[in-house]
Amino acid sequence: DDPSLERHFKGHRDAVTSVDFSLNKKQLASGSMDSCLMIWSMRPQMRAYRFMGHKDAVMCVQFSPSGHLVASGSRDKTVRLWVPSVKGESTVFKAHTGTVRSVHFSSDGQSLVTASDDKTIKVWTVHRQKFLFSLSQHINWVRCAKFSPDGRLIVSASDDKTVKLWDKTSRECIHSFCEHGGFVNHVDFHPSGTCIAAAGTDNTVKVWDIRMNRLLQHYQGNAVVNSLSFHPSGNYLVTASNDSTLKILDLLEGRLLYTLHGHQGPATCVAFSRTGDFFASGGSDEQVMVWKTNFDAADYGDVLKTQKSGTSVDGTHHSQPSEMECGVHLKKTKPQDPGRNHHHQQEEETIANTLEHIVGQLDVLTQTVSILEQRLTLTEDKLKECLENQQKIIQNKVN
């Protein structure tokens, strides 16, 4: 089946710049040049929330892995963290001196990486909202920065025509990919963490293997590519271009599968849902569209399960289930039988909501524990210092 248009959201008053799904696919966030962040409900007849706070265009939005926070970056040089509820409360991060073009959470939800026109990439802790460090080797605007799935690497794309790969721990640039003929608008990691894909103003999408630093695939389009998103299975890539089209590339076959026409004017952003059965797009026509994927009939849950038990770049085996995998296990939806007992359905919904609430609570606990751990480390350090000082005093007395 071809991908099909599922929903159409209207409410932004200027070009849409960014879209992202929450973990459970119940909400979709979008940012726009109209300075607003919108949270759309995927459930019919549920109202959308419009969040005001940024003083200028919102350039990027992303849900935290758990879905309990939304980060946004703006032309007003700030980053905001929002609680996606009726109140729409937010806290502000200030450290960039230029437009913030990209925000991205690490997969554990503990860190945030931001990219800006001030030519830097900055990393922050989420719960303490503290600035940690800057990466600054780009010599022009940085349009995009993302964490690798294991959180150890950061990839960035810039108007200096390079894509850079950074080690988060050593804070050093490991490699620069310079094969782009134009500015690099967008970059992302393949779900396996072994490859990256980059989109450019030279109308290309390039896929590199980051273990050998070699070009694997090269797709030549006929318009500037603004955004791209990997399907969670890792087998497909969707792109958004200035010629108003969305294109779906089959990475296994190395060919273009579908070209979708929906937007009037440039398609500015695109993103798959966390399970891959939907993708959303935004355009300079102020529209947000949600598409049903359809093209991969295989059960996404199974695809993801086989993927998750793979090995990471350095060959270590990961057995810990990721947040995404848990989400898939929780939400095994089966076609609804119209003659089914309504009461059963309500019970199931209640259980689903309860589980969701538990996941949320666990999230809060995780954050609390990590804060306590940090405090404990500080206390231990202080204690060590005191003991060392005491030793010195005793030694001085003896001497």
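Note: Cβ is positioned from N, Cα and C throughout, glycine not excepted.
In TrEMBL, annotation is done automatically, which means it is predicted and not curated.
According to TrEMBL, the feature repeat 'WD' maps to 9-50 (among others). Break the repeat 'WD' (9-50) down by DSSP state and the numbers are 0 helix, 21 strand, 21 coil.
The average pLDDT computed for the repeat 'WD' (51-82) is 95. Sequence annotations record features per position, and here TrEMBL assigns repeat 'WD' to 51-82 (among others).
Annotated repeat 'WD' per TrEMBL: 93-134 (among others), in sequence order. Look at the repeat 'WD' (93-134): DSSP puts its residues at 0 helix, 24 strand, 18 coil.
Residue counts for the repeat 'WD' (135-176) by DSSP state, with H, G and I taken as helix and E and B as strand, are 0 helix, 23 strand, 19 coil. Annotated repeat 'WD' per TrEMBL: 135-176 (among others), in sequence order.
What TrEMBL records for 177-218 (among others) is repeat 'WD'.
Under the heading repeat 'WD', TrEMBL lists 225-259 (among others).
Taken from TrEMBL, the feature repeat 'WD' covers 260-292 (among others). Within the chain, the repeat 'WD' (260-292) has long-range Cβ neighbours (under 8 A, six or more residues past its boundaries) at 3-10, 12-23, 25, 28, 30, 32, 38, 40, 42, 224, 226-233, 238-248, 300-301, 303-304, 324, 327-328, 331.
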Quick one: DSSP breakdown of the repeat 'WD' (177-218) into helix, strand and coil?
0 helix, 24 strand, 18 coil
Positions on the same chain near the repeat 'WD' (51-82), where near means CB under 8 A and six or more residues out:
14, 17-24, 27, 29-39, 88-94, 96-105, 107-109, 112, 114, 116, 124, 126, 129, 323-324, 359-360, 363-364
